[in-house]
């Protein structure tokens, strides 16, 4: 027999649902994505600060930090943004060779699998790390460590690109993607019609010359 509530109803698994939902909201539902969202960018910062302790080779430190920044850019752009906050952005080239930037934001109902904690971790890591690299930029200028300047600029560029892309997705990505995709298909359809007309005109002219 199941224990009954004071009101007489049976206390089944649903009785613990509000408490379980409250507890589960505090934990990450994508722990691996949350970990790698912070791992590469924090590792790049820590390596930049303490690389002299591990190696005296500037080239080794430079390549290691640049690889960490590249891994971070790829993982945040293609994986963690889609899983943690339901946002993504990318670049697409049409048949004419024109570049189109597409920013996509999923609806709220489709990102229920992510928690509020994950969203906070995502945005905090996305905003704080570019600020830290900006501080590194001024420190390299004031300390005249110009050999690190190119690496710091690369760090600012890669992480600011993700920040800009996701802010654009958050503010108006769904509208922009519909406009861009519609314009893309319209231009593609117009170009196809033009090529068909040109081919038909060439066939007609060839037929007229042959009949003469």
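Any Cβ shown, glycine's included, is placed from N, Cα and C.
TrEMBL assigns the feature transmembrane segment to one of the listed ranges (121-142, 187-208), namely 121-142. Within the listed segments 88-107, 148-167, TrEMBL records transmembrane segment for the stretch 148-167. If you look at the transmembrane segment (148-167), the same-chain residues 6 or more away from its ends with a CB under 8 A from one of its CBs are 41, 44, 48, 62, 65-66, 69-70, 72-73, 76-77, 81, 85, 87, 89, 103, 126-127, 129-130, 133-134, 136-137, 140-141.
Here the transmembrane segment (56-74) has long-range neighbours at 40-41, 43-44, 47-48, 147, 151, 154-155, 158-159, 161-162, meaning same-chain residues at least 6 beyond its ends whose C-beta is under 8 angstroms from one of its own.
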